[in-house]
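> According to TrEMBL:
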type: BINDING; residues: R64, L102, E143; note: substrate binding site
Amino acid sequence: MPSAQPKIPQAYRYWIHLPGSLTQALRQRSPEFRVDVLDERHLLVNPPVAGLDSGTGARRYWSRKVRLCDGDRPWVMAHTLVPEHSLRSGLGQLTRLGGRPLGELLFTTPGVTKDNLQVAETPVGWGRRARYWFQGQPLMVTEFFLEDLIRYEHQRLSTLSETDPS
């Protein structure tokens, strides 16, 4: 993803700049929130992912691709990359999340920090990527906000403004 910050459409700004748990925000909007695991596996990546590994040559990562849904409607596509050295240094539990959202773990564990936010528009939609530091180890989370989420949020906000007496 490019490092320059593009002009983000208003409809996406809340999601792109959400400082807290995306999982929690989605659960507040959907009683049918669920995680669909699309793919989980080890990958060999060459060159190494900037911000997660340094040096040259291929590196191994744990890759987890999920869809965050409101029932059967996909709202967010997400991809997590965890360097093998992070797995060996205490993050092995991330390979056993199953259908649990990663955010449930990240935002309930003290000391987790986030940095290196990048934003881009892609054919999938607007997305963000950030590096998290979990138990002192890096991992990368990329999230793409899909049109169904943006439509839902627009309708929700329109309904709220219609019922607001002020």
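Placement of Cβ uses the backbone N, Cα and C atoms for every residue, glycine included.
Where in this structure would I find these features, and how exposed are they?
Sequence-distant neighbours of L102 (substrate binding site): residues of the same chain at least 6 apart with a C-beta under 8 Å from its C-beta are T23, R64, V66, A78, T80, L94, V141. According to DSSP, L102 (substrate binding site) sits within a helical segment.
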> DSSP three-state call for R64 (substrate binding site): helix, strand or coil?
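SS state of R64 (substrate binding site) = strand.
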> Under 8 Å Cβ to Cβ from E143 (substrate binding site), same chain, six or more residues apart: give me those in sequence order, or none if nothing qualifies.
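Sequence-distant Cβ neighbours: L22, V76, M77, A78, G127, R128, R129.
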